[in-house]
Amino acid sequence: MRRALVAALAPAGCALYADSFDLLMAPIEEIISEHEHCSWANPIDLPVTASTSSDFEAEIEIREDECGNRLLMMGGMIQCHSVDEFIYHEMMVHPAFSTFFAQNGRAPSHVFLGGSGDGAGPREVLRWRNLRNATMVDIDFEVTRFSLEWIPSLARGSFEDPRLHLVTGDAWGWLQGSNDIFDVIILDFPDAFDNVMLEKLYSQEFYRLCRAHMHAGSVLVAQTGPCTQVARSGFRAQCPVLESLILANMAAVFEDVETMLHPMATWKPERRAASEWSSFTLARMASSPALAAAADGEPWRDEIDGALRYYSRDVHVAALDHPRPLVFRLQSLARKEPPAQEEL
């Protein structure tokens, strides 16, 4: 089964990858075109609208472009931009939920969300009508309070939804003290760039802890860092944190891991620079075609309130289609048999 899944999801050649690249990039190019008058300069050059700090972050800022679009920044790094954050958060939540739907024949009802203190993650989770409860554990309530005050569109009322149980605390410690089993586990933690404390949240030990809170049909999805030099030709693409730290650890704990890539419009120092890409990695206990099946039609659409702006069946398929050199590196890290040469 693993061999068949790998072959099904491997790029069938540069031309097909280019098609996937174009599909994923089309909405990004539209966003950039529509906002070219907003002076999207280097974020650190934009004026500061408000700032705060917490026990965990010395510099939390809201900056604003000339069109009034707001950015949440922490430690000088963009956390989310009100213009295109929907892309990131739809890709974080809905592929995992639709995969669960395909594998189990129902929508997720019990969900764990680690991080996502700005509120946009629970916003997307709570759009699923049959969700019974979501437990969200984030260590820094000041980020939540500050985001609610200055960019309330991120949460869009999610913290008032009775299905959401918000815990201010450490996700690791909370899971250690809980016996709950979840349909979907979402890990939306900051990138682990030379940060020992954050690296622990991407370790085999932490993934084993998460696995103890999953059943056979559960799905885990983790934010697995940025990808750079992703171009239509594809040959130089690399995902530093995913490749150096995360993927091998996930593959050591879960039978099936698959990474999805998608571009962002605002994560770049200037308008003419190439778009930055983000990655999410889905993990399950057993290998099956469910990831591909999740995109086979959209029977899960009726489960969601409102229209999705980015994620779709076609986006699901395209996000699993990676540049050829990256395919081989990721499959090597995940200990998967690489696709036969004729399949590439």
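The backbone N, Cα and C atoms fix where each Cβ goes, and this holds for glycine too.
All annotation found in TrEMBL is predicted automatically rather than curated by experts.
For D188, the entry in TrEMBL reads active site, proton acceptor. Sequence-distant neighbours of D188 (active site, proton acceptor) (same chain, 6+ residues apart, CB-CB distance under 8 A): M92, L113, G114, G115, S116, G121, Q223.
The annotation domain 'PABS' is assigned in TrEMBL to 29-285.
Look at D188 (active site, proton acceptor): DSSP puts it in a strand.
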